[in-house]
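Colleague: Here's a structure for you.
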Amino acid sequence: MQETPDCFDFSRLSSEEIARLLQQFNLRLTVEEALTIQNRLLKRPPTYAECVLWSIQGSEHCSYKSSRKYLNQFVTTAHHVILGPKEDAGIVAVATDHQGLRYGIVVSHESHNHPSQLVPFEGAATGVGGNVRDVCCMGAEVIAVADSLRFGDINRAKTKWIQKGVVQGIAGYANPLGIPNLAGDLYYDEAYNENCLVTLVTLGVVREDQIIHSYAPANAEDYYFVLIGKPTDNSGFGGAAFASATLSAEQEEQNKGAVQEPNAFLQRHLLKANYAFFNLLREQNMLGRVGFKDLGAGGIACASVELAEAGGYGAEIELDSVPTSMANLLPAVILCSETQERFMWVVPKELVTPLLTHYNERFALPEICNGAQATVIGQLRNDGLYVVKYKNKKIVSAQAKDITQGILYDRPYCAKNQICTEPEPFANDDLNEILLRLLAHENIASRAAVFETYDKQVQGRTIIEPGWADAGLIAPFNEDKYPEEIRLTGVAISIDHNPRYNKIDAYWGAINAVLESVRNIVAIGAWPLALTDCLCFGNPEDPVQMGEFVDSVRGIVAACKAVTIREAPDVSLPIISGNVSLYNESSQGSIPPSPIISCIGSMPDFSKALNYALKRAGSVLLLLGERKDECGGSIYYQLDQQLGSQLPKPDLTSFANEIAAVYSAIQRGLILSAHDISEGGIAVALAEMSFKNKIGVNVFIPGDLPTNKKLFSESGGFILEVSPDHLSELEQLFGSYPISYTAIGETTAVPVLAFNSAINLPISIASNAWENGLRERLI
């Protein structure tokens, strides 16, 4: 690495000279930002370390400088929200014991897009690792992970290489940690050829009075920072800034250095050590007297300055005390490297020795990994200054709040000048053949080729794993250590987003992402409690792409208003966690607007949960959700290389009534199986329901639409399997909401799919197409 100057006096340089200097030292600051740091924030020339620090802390990834203004539109509080999106993870209450103590699910939702595009295994693995640490540092036990993946054209060798690495990376990290993969979402589109998306959700469990916060507590004047974990190296240096930049083929090799290196087995050991220390803190009634944080983006700098500033303090860090595994590292690298498997505690003086003993002796970190240890590296300051020293020299001295708040932008935005049109009516093709092509399509076919790589049952909590239901379900409290009255509580998770809808309209694309994630939760018998969002978009400096972000946020807000809290009908569905990932573009262009939505739901008794497999012959099949001429963005149109314009535009009032009715019906035991209608329309939904138990279907979809649109339109809704004995009670229940529904047919003992006299397919043939469609494409 080239020698760096002590400081940069930007005031003596022209804009062109500043730009060249920033590029020379790979500082991801604009000319205006460099001048703001010098003239307004520091009022002196910044050091190299300060420039590096601001390029990371002031990046989109850390500071949300272009998006923060719009994120304030989200509802983030409710009576059951224990912690909104303020710290490393959000927390929503899902159960209350006989003493009135609430138990929360801790949720983190993050992306690791650029690293996974360049170095797929390491990028995905470290994405899992950071997400897991975010949940753990809230004092939680980590109980599940889930993933949403977006890859390019499946016919490209590069797409298959990236997918293989990403899936192996997720499995190669979560499996050794002993954490089940509970749910997922997978989509292929050529728009992701040069910028895949890897977004990850992690769940943990914690009792409300045992939460540990990621900030220094009140009256913490005599507190020390203790660094835990792997010795610092240069891996991941500049990772946050890299995540906030456009991907460039010319800089691919250079950017690979910004990807961290994973060590899942060290992290497993650290989790065990953390859990044990949590217990010690509980015994000593010290949980409220500490702060704990993951070292992710920005490394030591980010963790220490955020722990301090969030509590109203400054900090002083001694880099000479930081263990390193490489010689001659620049101080800025030691400060900001994103070396993995590290945490940071801020603790009172009397806890320092017990903490060091716990990690270094009881859990023997130095013996587990060469150079790993717990080490004191600094302490809090009362004056709000963030000071970093190296070899008795100050290399950073700035107000902590100036560093954490970043430099905010109010970007111009505008509507996309795009005119989408509907294609000419399709020829009267063989609908049997079309259904087979849909079932084998890479965006519909069974995802077993992916999720069979993951461990789904480890920990013994999984009730519904990926494969035969619309959402995953876990029993977080099914152990003797939890009160008996909450052990049957089930927690559900889904993840959704359709990039083709978002190519047509970002507003309605976002609404559909929220609604489908909620439908999936309700279809298994859970009620939605909260959302998380991972908002992946293009370049915010482009007014059109910024406009897509603004429209997407509006759509999420509108959809959340339709899904209210059961105990408080006037409160919108809250968003408790998430992140924003911008600059998802390459020289080939930007990705489609990609608001990845995860929904967390709960049910009081997991034994009432449903999958979507049909249960028996002789059942009545009900359709909820009108079939509309809404094939825009559908897989049916994609078969003919068309996009269309008429994407699903759901009526939000009808949607709210439908989910309430379906949830109530499932809780009363009136439904045998349920499936939401999404990709591929009602024909694909019915086919998927038939496969597991080889139960036939004979239906007629009424209405004036052409048969192909009735069957393949992706207007949202539900298919319900109901016993004839329950029809009367169900009719009375549904009438109280009210909702419209139609009996469209029945299940049969003959293993055939019969739809509107236009499709007549043996289940064995249809099932084979679905089960092998993706697997064969990945060979």
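Numbers here mean position along the shown chain, with the first residue as 1.
Keep in mind that glycine also has a Cβ here, set from the backbone N, Cα and C atoms.
Computed from a predicted structure; not experimentally measured.
As listed in TrEMBL for this protein:
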DOMAIN    21-65  domain 'Phosphoribosylformylglycinamidine synthase linker'
ACT_SITE  His61  active site
BINDING   Tyr64, Asp533, Gly578  ATP binding site
DOMAIN    87-206  domain 'PurM-like N-terminal'
BINDING   Glu110, Asn579  Mg(2+) 1 binding site
BINDING   Ser111, His112, Asn113, His114, Arg133, Gln260, Ser581  substrate binding site
ACT_SITE  His112  active site, proton acceptor
BINDING   Asp134, Asp294  Mg(2+) 2 binding site
DOMAIN    230-384  domain 'PurM-like C-terminal'
DOMAIN    489-602  domain 'PurM-like N-terminal'
DOMAIN    616-751  domain 'PurM-like C-terminal'
Colleague: Record lists Tyr64, Asp533, Gly578 as binding ATP; longest Cα-Cα distance in Å?
Modeller: 14
Colleague: Does the domain 'Phosphoribosylformylglycinamidine synthase linker' (21-65) come near the domain 'PurM-like C-terminal' (616-751), with 3+ Cβ pairs under 8 Å (pairs 6 or more apart)?
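Modeller: Contact absent: fewer than 3 Cβ pairs fall under 8 Å.
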Colleague: Give me the count of other Cβ atoms within 10 A of the Cβ belonging to Ser111 (substrate binding site).
Modeller: 26
Colleague: Restricting to the chain of Glu110 (Mg(2+) 1 binding site) and a gap of 6 or more, list residues whose Cβ falls under 8 Å of its Cβ, or answer none.
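Modeller: Glu110 (Mg(2+) 1 binding site) has long-range Cβ partners Gly127, Gly130, Asn131, Asp134, Thr199, Leu200, Cys534, Asn579.
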Colleague: Can you list the residues of the same chain, besides Tyr64, Asp533, Gly578, whose Cβ falls within 8 Å of the ATP site's Cβ centroid?
Modeller: Ser67, Leu71, Pro85, His109, Thr532, Cys534, Leu535, Ile575, Ser577, Asn579, Val580
Colleague: Work through the binding-site residues one by one (His112, Asn113, Arg133, Asp533, Ser581) and name whichever has its CA nearest to the CA of His61 (active site).
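Modeller: For His61 (active site), the closest Cα among His112, Asn113, Arg133, Asp533, Ser581 is found at Ser581.
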Colleague: Which of these binding-site residues is closest to Asp294 (Mg(2+) 2 binding site) if you go by CA atoms: Tyr64, His112, His114, Ser581?
Modeller: His112
Colleague: Please list residues from the chain of Gly578 (ATP binding site) whose Cβ is under 8 angstroms from its Cβ, counting only those at least six apart in sequence.
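Modeller: Result: Pro85, His109, Thr532, Asp533, Cys534, Leu535.
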Colleague: For Asn579 (Mg(2+) 1 binding site), name the DSSP secondary structure in the helix/strand/coil scheme.
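Modeller: In three-state terms, Asn579 (Mg(2+) 1 binding site) counts as strand.
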Colleague: When the domain 'PurM-like N-terminal' (87-206) is classified with DSSP, how many of its residues are helical, how many are strand and how many are coil?
Modeller: 47 helix, 46 strand, 27 coil
Colleague: For His112 (substrate binding site), what is the tally of other C-beta atoms lying within 10 angstroms of its C-beta?
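Modeller: Other Cβ atoms found within 10 Å: 30.
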